[in-house]
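Asker: Feature table excerpt (Swiss-Prot):
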ACT_SITE  305  active site, proton acceptor
BINDING   20, 90, 118, 163, 336, 378  phosphoenolpyruvate binding site
BINDING   20, 21, 25, 161, 162, 163, 189, 305, 332  3-phosphoshikimate binding site
């Protein structure tokens, strides 16, 4: 499918979706705790439903009531588990792999064609070092894991994905010995690790930080039943803010901001550096944009999901926008650096692709084009917002938004966007 996107202005109120990362983590931890654990204000999307289905395969009894998930009975580690298909969700397969290593019987985990291109080897090596038997297809899914891991000393690289570390942390308290975790190389996406630890603490597990982002100790413990409220998703909020900056007129973004750590909240600072005035209330955000953005140099090493919403702001920037230290964005659902470079140049802006980022510079010759999002949800949304600014665009793969923001097109059209399926 494709969507036709015409030049358009948005105004009014729009509600930001709940946080995908916290929804994943809270569902897994509620499923490990059971006993009526409840996750409120969840994001119900294709990715998070993959986590729900994985937990059910592990034996958890889960009910969905409106925007809440209730876990009556926890994961059963003596269960024979059928193959788990995590669809397109990298978070699901990585955390589920850690949990699978707590079972004695072999468990197979797989995903769709895109997921089968994403690396797993660093996590598999770490699990193997503490007693798991792991098989894969050249370090990628499908994978087979046989436990049971006993715990102990584990070393894992931090420069691929923080999801590997999150998987080890979540499984650690349920091992016989606990885990002493050492992270080598520079850790990317640090705030996502903070999110994992914050969620674990909400479910009663203590994580001892020996050296931040380098060494952690998790002793044998149990997860306790809890109620967890998911905050808004700053990754999705960044896209809505970009839409308001480029195309907004009195646009108000509503949602439960909360006080849990989110790496992508740095987008507020980025907007202010670009010259945007941002007013944050208890449950809403308003912005006021200058006629032209300032441009600047931005390090996205800890927030790779901000690459799509930041790149499109170059359309209305008087100076170049340079994005650095985000090489790991090439390992997302797609190679977001390469695809962004390839597609945005069609709109008439100048793009220099570097190994770890991009330099983007607007021109006076912006023009509509067909933009191929390669079935990447964040690229689809970013390209639609760009199309609203430039006009006369076509964007491929609208179905991709099911993984993070299923109502994106409908909600944007409700406040004035002109995005029509073809």
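Please read every residue number as a count from 1 along the shown chain.
Note: Cβ is positioned from N, Cα and C throughout, glycine not excepted.
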Asker: Given residue 189 (3-phosphoshikimate binding site) and residue 163 (phosphoenolpyruvate binding site), what distance in Å do their CA atoms have, once rounded to a whole number?
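Answerer: The separation of the Cα atoms works out to 9 Å.
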Asker: For residue 189 (3-phosphoshikimate binding site), just count the other CB atoms lying within 10 A of its CB, please.
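Answerer: The Cβ of residue 189 (3-phosphoshikimate binding site) has 25 Cβ neighbours within 10 Å.
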Asker: Given residue 162 (3-phosphoshikimate binding site) and the residue listed as 'active site, proton acceptor', what distance in Å do their CA atoms have, once rounded to a whole number?
Answerer: 13
Asker: Which of the recorded positions 25, 305, 332 has its Cα nearest to the Cα of residue 378 (phosphoenolpyruvate binding site)?
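Answerer: So, spelling it out, the nearest of the recorded positions is 305.
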Asker: Cα-Cα separation of the residue listed as 'active site, proton acceptor' and residue 163 (phosphoenolpyruvate binding site), in Å?
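Answerer: Residue 163 (phosphoenolpyruvate binding site) has its Cα 14 Å from the Cα of the residue listed as 'active site, proton acceptor'.
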Asker: What Cα-Cα separation, expressed in whole Å, is found between residue 163 (phosphoenolpyruvate binding site) and residue 332 (3-phosphoshikimate binding site)?
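Answerer: So the Cα of residue 332 (3-phosphoshikimate binding site) lies 12 Å away from that of residue 163 (phosphoenolpyruvate binding site).
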Asker: Using all protein chains in view, find how many other C-beta atoms are within 10 Å of the C-beta of residue 163 (phosphoenolpyruvate binding site).
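Answerer: Excluding its own Cβ, residue 163 (phosphoenolpyruvate binding site) sees 25 Cβ atoms within 10 Å.
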Asker: Among all protein chains shown, how many Cβ atoms are found within 10 Å of the Cβ of residue 90 (phosphoenolpyruvate binding site), not counting that one?
Answerer: 22
Asker: Quiz question: given the binding-site residues 25, 118, which has the greatest number of C-beta atoms lying within 10 angstroms of its own C-beta?
Answerer: 25
Asker: On the Cα atoms of 20, 90, 118, 163, 336, 378, which are listed as binding phosphoenolpyruvate, what is the maximum pairwise distance in Å?
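Answerer: Output for phosphoenolpyruvate binders 20, 90, 118, 163, 336, 378: max Cα distance 19 Å.
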Asker: With every protein chain in view, what's the tally of Cβ atoms within 10 Å of the Cβ of the residue listed as 'active site, proton acceptor', excluding that atom itself?
Answerer: 26
Asker: Within 10 Å of the Cβ of residue 162 (3-phosphoshikimate binding site), how many other Cβ atoms can you find? Include all protein chains, please.
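Answerer: The answer is 26 other Cβ atoms.
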